[in-house]
Amino acid sequence: MSAQMEEPETLGKRKESESSKLRSDETPTPEPRTKRRSLKRACVHEVAVPNDYTPTKEETIHGTLDNPVFNGDMAKTYPFKLDPFQSVSVACLERKESILVSAHTSAGKTAVAEYAIAMAFRDKQRVIYTSPLKALSNQKYRELQHEFKDVGLMTGDVTLSPNASCLVMTTEILRAMLYRGSEVLKEVAWVIFDEIHYMKDRERGVVWEESIIFLPPAIKMVFLSATMSNATEFAEWICYLHKQPCHVVYTDFRPTPLQHYAFPMGGGGLYLVVDDNEQFREDSFVKMQDTFPKPKSNDGKKSANGKSGGRGAKGGGGPGDSDVYKIVKMIMERKFEPVIIFSFSRRECEQHALSMSKLDFNTDEEKEVVEQVFNNAMQCLNEEDRSLPAIELMLPLLQRGIAVHHSGLLPVIKELVELLFQEGLVKALFATETFAMGLNMPAKTVVFTAVKKWDGDSHRYIGSGEYIQMSGRAGRRGKDERGICIIMIDEQMEMNTLRDMMLGKPAPLLSTFRLSYYTILNLLSRAEGQFTAEHVIRHSFHQFQHEKALPDIGNKVSKLEEEAAILNASGEAEVAEYHNLQFDIAKHEKKLMSEIIRPERVLCFLDTGRLVKIREGGTDWGWGVVVNVVKNSSVGTGSASSHGGGYIVDTLLHCSTGFSENGAKPKPCPPRAGEKGEMHVVPVQLPLISALSRLRISVPSDLRPVEARQSILLALQELSSRFPLGFPKLHPVKDMNIQDTEIVDLVSQIEEVEQKLLAHPMHKSEDDQQIKSFQRKAEVNYEIQQLKSKMRDSQLQKFRDELKNRSRVLKKLGHIDADGVVQVKGRAACLIDTGDELLVTELMFNGTFNDLDHHQVAALASCFIPVDKSNEQVNLRNELTKPLQQLQDSARKIAEIQHECKLEIDVEEYVESTIRPFLMDVIYSWSKGASFAEIIQMTDIFEGSIIRSARRLDEFLNQLRAAAEAVGESSLESKFAAASESLRRGIMFANSLYL
């Protein structure tokens with residue numbers, strides 16, 4: 001295997017070790033540094049200024065609004081010369097004006113934040129530093145405490161020095177302080193929002209937006225962000241909101257230039273695709289593509305050697321791990337360490353790290369230091385927890401300079417890995433993308449083990465912003481002349497896809513603003529009434545972006561109308577009629593299946609070997625084979641159960657080779673075009689069956705061997721060739737003997753429309769262009785309709801309608817009275833933002849919690865906390881079954897009331913998404929005194945995820961205790977306090993190493 005790779009000139013041409021399987025037979029001569037590095041230290045400064053604003057700063061000291069320069073005494077000096085963007089940022093801060101600093105990871109944004117803190121200290125004022133995650137808050141606290149000493153921390157888990165001049169906190173804590181009218185805010189001059197691009201988070205983005213809206217005008221803001229394409233728009237919103245200037249300082253300069261290499265998995269080495277002048281090398285990309293097998297012209301699904309066109313996640317011949325092994329080994333031999341290897345699956349991280357068992361990167365002296373640091377860190381745990389497998393197995397790995405970092409690790413291990421990495425004692429770190437967030441922990445080299453990731457809906461290519469964020473970890477300022485990025489590619493891909501990924505524009509920051517009951521109730525209960533829900537809606541970034549986009553939408557409509565006029569409309573009526581017949585059949589069949597799929601009708605036909613068609617949302621799995629049917633005990637006896645939600649059908653489905661049943665990938669998905677794929681048993685909810693065939697095939701008794709499962713795939717392919725028009729389906733009346741009048745009528749309607757479709761002249765027409773032209777025209781007309789509707793419907797009016805409907809819900813549930821005055825129930829809900837405030841207050845007031853002991857309370861409350869979904873069946877002990885049923889019934893009631901009040905809500909979806917019973921048994925056992933070693937045997941959820949959920953549960957229970965206290969429920973208050981206390985022990989609540 002040959003590798004083509006430019007080496008940093010400081011290393012010269014090193015002789016390659018004979019033992020390496022990844023040699024460099026051709027090393028280009030590095031260009032002279034002056035020629036090679038042509039990027040300027042570009043710094044763009046813009047400022048949004050309110051109308052009629054008159055600056056009052058003295059120009060000799062502060063420069064002008066358009067050209068800020070500071071000529072006074074610095075609040076803080078640095079041991080290095082500031083970059084242009086840092087100097088301009090300091091000048092803006094000294095003007096006492098808000099600023100957004102948008103720059104790459106490692107560019108030096110922290111220096112700007114530190115200057116704002118130093119200014120506050122100099123001027124005897126207080127400053128708040130917010131971060132999106134508790135773990136990042138802990139890290140930032142340690143860093144700032146080392147620099148400034150007078151620093152406090154408030155995260156919900158921990159409160160340290162709350163009277164300090166600089167307070168580090170999560171954004172949720174800041175929002176709560178703003179709602180409560182905290183006295184602290186009267187002394188605050190600056191609020192620093194770190195990682196402001198988190199504002200686009202679907203769940204939590206609204207917290208940032210509300211906090212920014214509620215901040216008093218006297219407080220100035222510093223926003224730190226990764227590069228984003230609409231920084232100016234964001235600054236204009238801040239200017240509009242607070243009637244004060246907001247500066248934008250943007251740089252895409254990287255202090256350490258990067259070289260980006262592609263590695264075709266199972267193929268021929270490394271190919272430089274983007275050089276350190278950010279030029280995409282097309283010739284190198286083409287050479288890389290040529291290493292992949294070419295598909296035959298007569299068969300798009302097979303390559304010339306009979307294998308699929310891509311190499312799959314596992315590579316062409318050897319396993320994928322061997323490719324990672326070769327790359328890591330080559331990196332170490334060339335002294336390109338430390339290296340961060342990014343994977344998009346936690347289990348994959350661990351598997352890759354374990355595959356390095358033969359490699360050792362640390363000296364004996366370094367091993368001793370690692371062991372000493374490890375033992376010191378473990379002192380925060382009790383004796384019992386120190387012997388956990390997750391801890392004992394980590395030391396040998398760490399001593400060899402290899403580590404894993406992902407959200408499922410024990411927090412103490414995760415923090416230990418971070419500290420060892422910063423000290424240079426971890427040379428190869430296998431991490432998920434969360435490591436690219438937060439503190440600056442750069443490496444010399446970054447490796448991506450895949451070009452695609454699962455985002456909860458589909459496997460998609462990494463976005464440009466994601467690639468920029470992670471690749472930004474490559475190249476250590478002042479240490480490396482160049483950083484190196486290597487991306488592993490497992491199949492042919494479009495040149496533009498890779499170019500856009502590596503060099504594309506970062507995504508814009510888009511508002512995810514939404515109305516919550518928590519917000520409405522808190523605004524209604526504020527005595528001063530300064531902000532109303534209407535005010536918040538009107539001043540949201542969402543509304544600002546909508547109004548700004550209107551002229552562009554108008555131009556788009558004009559262009560689409562021109563396209564619609566040009567499209568060939570000959571025979572349009574005939575094509576439309578044919579299209580409508582197809583649509584009618586699909587609509588009737590969907591309705592028919594929803595009736596057929598009821599357990600009492602369908603279960604007797606779901607015998608082993610039955611062919612069933614599976615559709616999940618927009619994903620069509622095609623035909624699979626039934627293996628087994630099991631009852632889902634976590635679903636109660638409500639309507640979800642009667643519609644089949646209470647049953648799981650284990651089905652053999654054709655899956656992408658990237659998926660494996662041991663959970664190496666987050667979720668199975670169908671194979672890509674041209675991919676061979678493998679058959680796997682996938683648990684499928686009964687309602688996802690979209691068709692039942694009359695055909696059955698023989699299923700081997702043992703499906704563990706790959707060969708046994710692949711024999712089913714061959715059988716399905718053979719049946720497909722025998723039935724080219726599709727597998728014969730079970731007839732609801734003739735085969736299933738369903739005599740229900742509604743179903744008989746539906747079947748007749750479908751057969752009638754099918755006859756019309758078969759008789760239609762378009763059915764046998766070969767004029768594909770006519771159909772395509774019609775479909776495109778229909779798409780264009782639909783898009784025009786949608787855009788016009790968007791222009792017509794004010795976002796403000798939509799939110800007003802939603803506010804009115806949500807207020808009706810609050811009245812029906814007794815949170816507010818007819819005049820909108822907050823009642824006792826509403827006062828309790830005002831204090832709860834960690835779980836569903838409506839549902840949990842319902843349980844508080846309907847007596848559900850009264851009948852439970854504090855262990856059951858802790859277990860039931862855990863259902864409100866987001867947690868990784870377990871792949872195992874939820875089997876609950878008797879003490880928890882009834883409380884869960886009561887919770888599900890209450891959730892269904894609340895969802896139905898919201899539906900009645902015209903809110904767009906799917907009742908069963910609400911119940912399923914709001915209630916997460918996966919840790920009920922675990923929390924119950926822990927609350928009753930079980931050891932951590934015992935409870936981790938009860939679930940397949942990662943240890944770190946269990947601890948994170950338990951800590952969030954403790955925060956939730958404290959909010960419930962405060963809510964009970966606020967409404968005078970002393971017995972409930974005691975119960976919630978006891979539930980919280982029963983959790984707070986051992987490794988679950990061990991102190992952070994940063995504190």
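Glycine residues also receive a Cβ, built from the backbone N, Cα and C atoms like all the rest.
These come from Swiss-Prot:
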BINDING   ALA103, HIS104, THR105, SER106, ALA107, GLY108, LYS109, THR110  ATP binding site
COMPBIAS  10-26  compositional bias 'Basic and acidic residues'
COMPBIAS  307-318  compositional bias 'Gly residues'
DOMAIN    323-524  domain 'Helicase C-terminal'
REGION    1-42  region 'Disordered'
REGION    290-318  region 'Disordered'
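Annotated features taken from Swiss-Prot, shown on the structure.
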residue : record           : Cβ within 10 Å
ALA103  : ATP binding site : 25
HIS104  : ATP binding site : 20
THR105  : ATP binding site : 22
SER106  : ATP binding site : 20
ALA107  : ATP binding site : 24
GLY108  : ATP binding site : 21
LYS109  : ATP binding site : 26
THR110  : ATP binding site : 18
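THR110 (ATP binding site) falls within a helix when secondary structure is assigned with DSSP. One way to see the shell of the ATP site is to take the Cβ centroid of ALA103, HIS104, THR105, SER106, ALA107, GLY108, LYS109, THR110; the remaining same-chain residues with a Cβ within 8 Å of it are ASN440, GLY472.
DSSP gives ALA103 (ATP binding site) a coil state; it is part of no helix or strand.
Note on the domain 'Helicase C-terminal' (323-524): its mean pLDDT in the predicted model is 87.
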